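A short worksheet on the structure shown next.
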Amino acid sequence: QSNVTSYGATALAIITLEAFAGVWINAFIVCVLGIGWVKKKTLNSNEKILLLLGFSRFWYLCISWAYSFLARIYPNYLYVHIILQLAVFFQTFFNYSNLWVSACLCVFYCIKIANFRNSFFIYLKVKIDRMVPLLLLGSGILAFAMGIVAYDVADKPHCNNHNSTRQGNFGKARIRMDKHFFPSFFLAGFGYAASFMTVIFSAVFLLFSLWRHKRKMQTNSMKDLSMDAHVRAMKSILSFLVMYSINFVCLVLEMVYVTEKRSHMTFLIVVFQYTFPGVHSLILIFSNPKLEKTLLKILSLERIVKCKFC
């Protein structure tokens with residue numbers, strides 16, 4: 001019993017640190033872009049995607065941490081059926097918003113920066129700014145649909161709510177694998193795989209465009225400022241691709257270990273899922289000149305205040 005209690009306390013402490021770090025990072029993105037929106041009355045397409053991404057990750061981390069806290073400290077509160085359903089719905093909604101808006105960001109970088117002479121690609125490059133609101137709306141609709149599916153799954157009688165001890169999207173409880181639950185697994189896997197493939201194709205197209213552009217520059221013996229844009233976008237997407245790959249593996253393993261009450265694999269999966277929204281958002285901050293400049297200004301002011309205080 002003492003080992004179980006110590007395991008739960010350690011897990012909750014690590015999850016809490018990761019969640020609060022991610023919450024502050026994404027809150028910074030939302031605040032900076034939101035203030036800029038209020039001042040300028042407008043946002044460019046990149047800032048719109050980043051604002052929605054930071055917003056969805058902020059609430060995903062808040063709801064996930066609240067659920068984990070209640071599941072370990074006050075599990076009786078989760079015995080109320082509607083609370084479990086709402087927690088599953090909102091966590092699934094914001095998680096899928098996170099995944100799909102991230103995929104939209106990669107597609108935006110690819111279309112905006114890559115250079116191809118294909119007429120359809122040129123059409124997309126011209127229309128991408130107008131398409132961004134539609135892409136974000138589509139991501140929200142898809143996330144809402146998956147949230148409804150998760151809400152329905154939580155309402156099934158084969159969910160044993162009293163054994164709920166872990167963090168996840170569909171498996172908030174020990175779930176008996178039967179014919180009613182496999183469609184939900186299929187939909188979850190399809191949603192993860194589709195967003196993952198979108199990121200892969202965006203990275204491949206941008207990498208191919210960078211290779212062609214670099215070869216052309218070497219042939220013509222000239223410099224081009226767009227090379228820097230290619231390199232910056234490529235670094236951002238490749239770092240995202242690596243993290244997204246690990247996250248995708250964790251999401252698959254989460255469905256495999258959905259019935260495990262306590263295991264080291266489940267703990268590692270949960271730890272990375274809390275790490276991903278914060279670390280990737282930090283990468284996006286340093287990939288965006290406006291956010292990076294604001295963050296460095298805040299850190300320098302804090303350093304000056306500390307020096308004066310000392």
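Glycine too: its Cβ is placed from the backbone N, Cα and C atoms.
Annotations in TrEMBL come from automatic prediction, not curation.
Taken verbatim from TrEMBL:
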- 12-37: transmembrane segment (TRANSMEM)
- 49-70: transmembrane segment (TRANSMEM)
- 82-111: transmembrane segment (TRANSMEM)
- 132-151: transmembrane segment (TRANSMEM)
- 185-208: transmembrane segment (TRANSMEM)
- 237-259: transmembrane segment (TRANSMEM)
- 265-287: transmembrane segment (TRANSMEM)
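If you look at the transmembrane segment (185-208) against the transmembrane segment (82-111), you find at least three C-beta pairs under 8 angstroms, all six or more positions apart, and that counts as contact. Residues of the same chain lying 6 or more positions beyond the ends of the transmembrane segment (49-70) and with a Cβ under 8 Å from any Cβ of it are 12, 15-16, 19-20, 22-23, 26-27, 29-30, 33-34, 37, 43, 77-78, 87, 90-91, 94-95, 97-98, 101-102, 104-105, 108, 132, 136, 167, 172, 270, 273-274, 277-278, 281, 284, 288, 291. Outside the transmembrane segment (132-151), and at least 6 residues removed from its termini, the chain residues within Cβ reach (under 8 Å) are 45, 48-49, 52, 85-86, 88-97, 100-101, 103-104, 107-108, 169-170, 184, 187-188, 191. Residues 45-46, 49-50, 52-53, 56-57, 59-60, 63-64, 66-67, 121, 124-125, 128, 132, 135-136, 138-140, 142-144, 146-151, 153-155, 161, 164, 169-170, 172-173, 191-192, 195, 198-199, 201-203, 205-206, 233, 236-237, 240, 244, 277, 280, 284 of the same chain sit 6 or more residues outside the transmembrane segment (82-111) yet have a Cβ under 8 Å from a Cβ within it.
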